[in-house]
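Participant: When I checked TrEMBL for this same protein, it listed these features:
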TRANSMEM  26-50  transmembrane segment
TRANSMEM  62-82  transmembrane segment
TRANSMEM  94-113  transmembrane segment
TRANSMEM  182-203  transmembrane segment
TRANSMEM  209-234  transmembrane segment
TRANSMEM  308-329  transmembrane segment
TRANSMEM  349-369  transmembrane segment
TRANSMEM  390-410  transmembrane segment
TRANSMEM  430-448  transmembrane segment
TRANSMEM  460-479  transmembrane segment
TRANSMEM  508-527  transmembrane segment
Amino acid sequence: MAIGGFVDWRGKPINRKMHGGIRAAWFIYFLTFVTSMVNVPNLLNLVIYFRGTLHMGVSGSATTITNFVGATSGFALIGAFLSDSYLTRSRTILLFGPLEFLGFGLLALQAYLPSLHPPPCNIEAELSNCKEVHGWNATLFYVALYISAFGEGCMRACLPSLGADQFDHEDPSESRQQSSFFNWYTFGISFGGFVGLFFIVWLENYKGWGIGLAMCAILTLLGLFVIAAGLPFYRNQLPGGSPLTRMLQVFVVAFRNRRCDLPEKLEEAQENSAETNSLKFLDKACLNCGKGGAWSLCSKTNVEETKVVLRTLPLFVSSMIGYVSNPLVLTFTVQQGGMTNTRLGKIHVSPATLFIIPITFQMVMLAIYDQFIVPFLRKRTGLASGITHLQRIGIGFASTILASVIAAVVERKRKEATVQMSLFWLAPQFFLLGVSDVTSFPGLLEFFNSEAPQGMKSIAAALFWCELGLASYLSTLLVKAVNKAARHGHQGGWLEGTNLNNSHLDRFYWVVTVVGLIGFLNYLYWAKKYVYRQDPRIVDEPSVEQDSP
């Protein structure tokens, strides 16, 4: 009943009946729900805090959010490396997760104490009298923000991989549960965001930013207590040492053996393998050419591990470019909402709360997709997931392009309108962003996890988050580049006005559309060429009772 390579929290061999499975996954779902409940509303609503309380500019507020997203994803690589190399995933979460609690606690303290942020003023009407946060207060703000990013990054790198570890991919029934896990993991993110957009946004906007951010810290701590309570039930993969060292060793040994000839049997095997033929030079790392030293011979497993990473790099880069449009459309749509009529009868709706529309769609669609659409498509296509991961990702990129087109048209109409436009004119672009998150988000996450070698699952999840983070950094550079190109004399850039009425966000959306289209075409080129490491076709017909979360 034991599974090789996995231990319990005490380092003893695990038992399939006692460890892993759906029971262990529920603890992971809860922490996913709680962290999403904290982070999703803040990614949307903190723009208002930056503008109204810290008195940052329009582009400065947006780039601070995108930089935060980028840093969080970058820090995920550190957590993933430590998890795969030296620590188990559950220990990494419990070791670094409290940093997110500390970060939100410091942000709450700064928001609560008037001496730690600039004096109140109306930044729209009294621009010359509003001072942006600076000095020690600015230092406290950025330290708190990036401490939180570090803790969140380490957790998000380990959570999906820890969840996938609870299901044995070599067991037919557990393999189907593992595939379903990623849909329900994404559902947990959506459901947490849904609740947070009601509860956290209401606290921050009506009870004060100090109380709202303090609640974020408390919820994070609660999630960590729950994940700790699940320790006796987890399957923990044993760390395998640094995968980066193993990859470097393959490159070094292959270079040293470059003049050695491959045996005929190995050459024939490579010619019959379409996925590795272009990287057959790395197989020379498996040859013993008479050279001495520790780095004179590599195992076949290490060589194959290196090949997998190299083959996914073009898709990593092309997906990153294709994702650039998403954070830009999302962030600026919230600022668009702040310039519209946000009242629905007697109810005042926060612009960030509009995101409930796509999140509701995500939750409903993810449940329908997992329980009905996948089985239907599975019978038609013969693919275990209904459609391939790369097809699912491509649908998401196409949805984002359409969202940016609609956003450009709506922004032009908003500026031309004589009567203030209703907030709900922004619903279509939010809806399309929701379609993107239902398709490209879980598609990318499952693609990287399924294609990654066993010893690099956390790093694969971190690469997914890092891809989103790098896309956010690229979006920041795009904002700066467009502003610089649009400056003429005393006239500022398209996004450098005091508010959106004095800016040209509609023009910028068209730039985003072009960039998104170029990224999408580049992605299609590499996706068409890619050969999956594992056959996505059905091996065993799934049973109904095994497809539940």
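Glycine too: its Cβ is placed from the backbone N, Cα and C atoms.
Map these features onto the structure and tell me what's around them.
Facilitator: Through the fold, the transmembrane segment (62-82) approaches residues 43, 46-47, 50, 56, 92, 96, 145-146, 149-150, 152-158, 161, 242, 244, 327-328, 331-332, 335, 458-459, 461-463, 465-470, 472-473, 475-476, 479-480, 495 of its own chain, all at least 6 residues removed from its boundaries and within a Cβ separation under 8 Å.
Below 8 angstroms of C-beta separation, residues 35, 38, 49, 53, 79, 87, 137, 140-141, 143-152, 154-155, 208-214, 216-217, 220-221, 223-224, 227-228 of the same chain, each at least six residues beyond the ends of the transmembrane segment (94-113), sit close to that stretch.
Within the chain carrying the transmembrane segment (182-203), a Cβ under 8 angstroms from the stretch's Cβ atoms is held by residues 25, 28-29, 32-42, 44-45, 159-160, 163-164, 211-212, 215-216, 350, 352-353, 355-356, 359-360, 362-363, 366-367, 369-370, 437-438, 441-442, 445-446, 449, 549, all 6 or more beyond its ends.
Away from its own ends, the transmembrane segment (209-234) comes close to residues 8-9, 18-20, 23-24, 26-28, 30-31, 33-35, 37-38, 42, 49, 53, 90, 93-94, 97-98, 100-102, 104-105, 107-109, 111-113, 162, 165-166, 199-201, 203 of its chain (Cβ-Cβ under 8 Å, at least six residues beyond either end).
Residues of the same chain lying 6 or more positions beyond the ends of the transmembrane segment (390-410) and with a Cβ under 8 Å from any Cβ of it are 315, 319, 322-323, 325-326, 328-329, 332-333, 336, 421, 425-426, 428-429, 432-433, 435-444, 447, 506-507, 509-510, 512-513, 516-517, 519-520, 523-524, 527, 530.
Sequence-distant contacts of the transmembrane segment (508-527) (same chain, six or more residues past either end, CB-CB distance under 8 Å): 314-315, 318-319, 321-325, 328-329, 332, 390-391, 393-394, 397-398, 400-401, 404-405, 407-408, 411, 478-479, 482, 494-495.
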Participant: Considering only Cβ pairs under 8 Å, which range in 26-50, 430-448, 460-479 makes the most contacts with the transmembrane segment (308-329)?
Facilitator: 460-479
Participant: Using a Cβ-Cβ cut-off of under 8 Å, list the residues of the same chain that are 6+ residues beyond the ends of the transmembrane segment (460-479) and lie near it.
Facilitator: 59, 62-63, 66-67, 69-74, 76-77, 79-81, 153, 156-161, 316, 319-321, 323-328, 444-445, 448-449, 451-452, 495, 508, 511-512, 515
